[in-house]
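Peer 1: One structure is given below, represented as C-alpha cells, and several questions about it will come after.
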Amino acid sequence: MGGNQTWITQVTLLGFQVEPTLECFLFGLFSVFYAFTLLGNGVILGIICLDPRLHTPMYFFLSHLAIVDMSYASNNVPKMLANLVNQRTISFVPCLMQTFLYLAFAVTECLILVVMSYDRYVAICHPLHYAVIMSWRVCTILAAASWVFSFLLALVHLVLLLRLPFCGPHKINHFFCEILSVLKLACADTRLNQVVIFAACVFILVGPLCWVLASYTRILLAILRIQSGEGRRKAFSTCSSHLCVVGLFFGSAIVMYMAPQSRHPEEQQKVLSLFYSLFNPMLNPLIYSLRNAEVKGALGRALRKERLS
C-alpha cells in the first residue's frame, strides 16, 4: 500500500439525499414501520410460545422467522433513522460489524424460508409420514443449521473484506453499511469479493428459489387432489401466505444482487434495500396473521383470555 494512503477510521453514510422537510417525514414514517415490525413479529412470537396448539413444526419455524425479522430490522433501521436526523457518521469497525450481521440475518431468513417450504411440502405431499420426517429433533437440527451456516457464510465475507486496504473515499452512498457499498471504499482489487458474493447469491438465492418453486408445484398438484373443500382451502391459505413472503424476499434480493449493477442507480438500490430491510420484516407478520386462520384464532383466544383476567 502506498505511503499516501491512510486507513479509514470513520465513514459518512450519505443516506437519502432529499430535502430536510422530506427527511422529517421519512423519519416519522420509518419509525412507525419499525415499531410495527417489532410489535407484529413480537406478537407472532408471543402467540406461538403461549398457545400449545401452535407448538408444531410450521409455527416453530415461523417463530424463527419472526426472530430473524426483528434482528434484521434492528441491525439496519436504527442507523437509517439516525441518518435522517443528520447523525451520518459511523466508526469503520461498527460499520463492518453491521455488514456482517446484515449478511448473517439475510442468509438466515433465506434458509428458514426454504425449510418452511420443505415443511409444507412434507405436510401436504406426505401427510402420513409427516410426524416421523419432521420430528422435533429434525426441526431443531434444521433451524440450528440455518443459523450456524448463515453466520459462517457471513464470516467468510467479513474475512474477505478485512483483507482489503480501505483508504477512501470516506463516504458510503447508502443508509447503512451494505456490502457492495462498503467494497467501493477499498483501494485494491475487489473482484474476488464480487465473485464470492455472486456465487453465494447463486447458492443461497437461485438454488433455494428453484427448490421452493419445485416444492410448490408438487404441493399445488397435491392440493388439487384433496377431496375436501375445507381441507383444500386451508392448504391454499397456509401455502399462499408462505409464497407471498418468499416472493417479496427472494424477488428484491435477486434484483439487488444478481442483476447488472449498471441497471440500478445507487438511489434505486437504496429503495430496493428498503424492501428487505424494513418492508419485508414489517409485512411478514401481517401476511401470516391475516391469511392464517390458526394464527388469527390463537390471537383471538389470547385477547379473550386477557379480557377475562
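The backbone N, Cα and C atoms fix where each Cβ goes, and this holds for glycine too.
Caution: TrEMBL annotation is automatic and unverified by curators.
Residues annotated as transmembrane segment in TrEMBL: 25-50, 100-118, 138-160, 195-214, 235-259, 271-290. What TrEMBL lists as domain 'G-protein coupled receptors family 1 profile' is 40-288.
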Peer 1: Residues of the same chain, at least six outside the transmembrane segment (235-259), with any C-beta under 8 angstroms of its C-beta?
Peer 2: 58, 65, 106, 109-110, 113, 116-117, 120, 124, 180, 197-198, 201-202, 205-206, 208-209, 212, 216, 219, 223, 226, 269, 272-273, 275-276, 279-280, 283-284, 287-288, 291-293
Peer 1: Residues sitting near the transmembrane segment (25-50): Cβ under 8 Å, six or more positions beyond its termini, same chain?
Peer 2: 16, 18, 59-60, 62-63, 66-67, 69-70, 73-74, 77-78, 80-81, 84-85, 278-279, 281-282, 284-286, 288-289, 295, 298-299, 302
